[in-house]
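Student: According to Swiss-Prot, the record shows the following:
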- 13, 14, 15, 16, 17, 259, 304, 402: ATP binding site (BINDING)
- 68-222: disulfide bond (DISULFID)
- 83, 236, 237, 238, 296: substrate binding site (BINDING)
- 237: active site, proton acceptor (ACT_SITE)
- 353-370: disulfide bond (DISULFID)
- 413-417: disulfide bond (DISULFID)
């Protein structure tokens with residue numbers, strides 16, 4: 001029997017993991033084993049919100065060394081992370097400045113400035129990327145305006161997964177799927193857009209041409225002396241998660257559920273018309289030249305902050321208590337910028353309810369109920385927008401990632417969207433990371449081939465919509481009110 005051992009490093013905003021995958025060629029079976037899991041989070045440093053990249057690198061190396069200590073010969077390594085954030089290096093490869101996180105406030109107001117100076121439609125036609133106040137385009141502008149003393153020292157700008165690959169291999173790479181999240185890549189050329197780069201203040205020489213997933217960046221030399229290839233996977237974690245989504249047919253949508261919720265569909269062509277612009281739809285790069293037509297939703301970040309502030313450790317107990325409460329008493333817009341990084345999330349949620357003359361969620365369960373109901377309703381709105389954009393309804397929604405373990409939210413989503421939900425796999429980003437490695441090793445033909453492997457090996461759970469649920473009735477009432485207003489307009 002022929003086995004391949006691939007290691008996926010999957011870094012999220014709240015945690016990271018080093019996972020070992022074992023693929024058996026003859027029976028096309030794939031198993032995952034967690035080698036090392038570690039925390040990630042935001043830090044305050046010199047007035048900025050930052051990432052501790054040294055700690056993350058140490059955790060990555062610890063995980064890789066653990067695999068080697070077991071006597072396992074690694075065939076390849078791949079790294080995926082969140083998007084938009086970057087690390088600056090000088091000519092010697094040493095860091096310049098701080099690895100500032102996207103939740104820092106330094107780019108506040110710059111998105112509106114870019115739209116005014118360059119034109120909102122022109123930016124969108126060039127990049128195809130949604131307008132988010134922390135996109136790399138605005139972060140770089142903030143850097144060059146606020147810290148001009150750093151500019152003479154900068155030789156390279158590496159996005160997060162490329163930085164960690166560089167630290168392992170000494171080789172630089174700019175992977176395409178993650179590069180597209182910057183709002184700096186031209187959607188027609190797949191290269192950096194000179195007009196957008198010029199506005200950002202960044203030097204084009206800081207960047208190399210983006211490479212599509214599947215190339216070998218370089219090699220990591222393990223403690224035993226073996227040279228192990230480090231593969232440029234679809235290094236944006238959502239791009240990897242979509243690869244592992246067992247999408248079946250053109251009427252399947254996906255929801256990558258974690259700190260962020262990313263809802264969308266796959267397409268061979270981007271959508272950059274006025275309808276897409278008005279809905280703030282993004283066209284991020286995917287594997288094999290596909291586009292991830294999607295929309296960002298704030299996701300479980302709100303819950304993570306509530307858990308932290310209220311010091312809640314028993315999430316299953318909280319969900320059980322939440323399930324016993326009536327639905328849709330407290331509704332907020334999770335995508336409101338006020339929730340990006342407030343000083344106190346609980347107070348911010350309560351203030352939003354107070355300002356809209358709603359009851360105030362006080363208990364832990366009420367806050368969680370507010371978040372779950374609000375997310376499910378926003379999922380329904382976004383799914384409707386996506387269906388209108390492409391001119392065809394969806395028949396099923398695949399929820400992948402850590403958030404798909406929340407059975408209450410899965411059912412609320414099915415009920416609010418009125419669509420069958422298939423939950424799983426949980427470790428979608430890790431699996432998609434592994435999938436590209438196996439293709440690079442010539443073990444699999446393409447993404448569709450890999451999805452067949454996922455469908456037969458992953459644990460999937462189906463949630464059927466209940467039209468008689470409270471949230472389904474709430475959605476029906478909203479639609480009825482909207483139709484009445486449209487008729488009277």
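Note that the numbers count up from 1, one per residue, in the order the chain is shown.
Glycine too: its Cβ is placed from the backbone N, Cα and C atoms.
Predicted, not measured: the structure shown is a model, and the values here were computed from it.
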Student: Taking the Cβ of residue 236 (substrate binding site) as the reference point, list residues of the same chain whose Cβ is under 8 angstroms away and which are at least six residues distant in sequence.
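Tutor: Set apart from residue 236 (substrate binding site) by at least 6 residues yet with Cβ under 8 Å, we have 80, 81, 82, 83, 161, 175, 177, 178, 180, 181, 284.
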Student: By CA-CA distance, flag whichever of 222, 370, 413, 417 among the disulfide-bonded residues is nearest to residue 16 (ATP binding site).
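Tutor: Going through 222, 370, 413, 417 one by one, the closest to residue 16 (ATP binding site) is 222.
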Student: In the same chain, which residues outside the set 83, 236, 237, 238, 296 have their CB within 8 A of the centroid of the CB atoms that define the substrate site?
Tutor: 82, 178, 181, 239, 256, 260, 262, 284
Student: According to DSSP, which kind of secondary structure is residue 237 (substrate binding site) found in, if we only use helix, strand and coil?
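Tutor: Its secondary structure by DSSP: helix.
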Student: Name the one residue among 222, 237, 238, 296 whose Cα is closest in three-dimensional space to that of residue 17 (ATP binding site); these are the recorded positions.
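Tutor: When the Cα distances are compared, 237 comes out closest.
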Student: Relative to the Cα of residue 417 (disulfide bond), which of the binding-site residues 15, 259, 296, 304, 402 has the closest Cα?
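Tutor: The smallest Cα gap between residue 417 (disulfide bond) and any of the binding-site residues is with 296.
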Student: When you rank 68, 222, 296 by Cα distance to residue 15 (ATP binding site), which of the recorded positions ends up on top as the closest?
Tutor: 296
Student: Would you identify the secondary structure of residue 353 (disulfide bond) according to DSSP, in three states?
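Tutor: For residue 353 (disulfide bond) - judged by DSSP and reduced to three states - the answer is helix.
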Student: I'm trying to understand the geometry here, so how far is the Cα atom of residue 296 (substrate binding site) from the Cα atom of residue 222 (disulfide bond), in Å to the nearest whole number?
Tutor: 38
Student: Can you tell which of the disulfide-bonded residues (353, 413, 417) has the fewest other C-beta atoms within 10 angstroms of its C-beta?
Tutor: 353
Student: Select the closest residue to residue 304 (ATP binding site) from the following recorded positions, measuring between CA atoms: 68, 237, 238, 370, 413.
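Tutor: Answer for the nearest of the recorded positions: 370.
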Student: State the Cα to Cα distance, in Å, between residue 237 (substrate binding site) and residue 402 (ATP binding site), rounded to an integer.
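Tutor: With distance taken Cα to Cα, residue 402 (ATP binding site) is 12 Å from residue 237 (substrate binding site).
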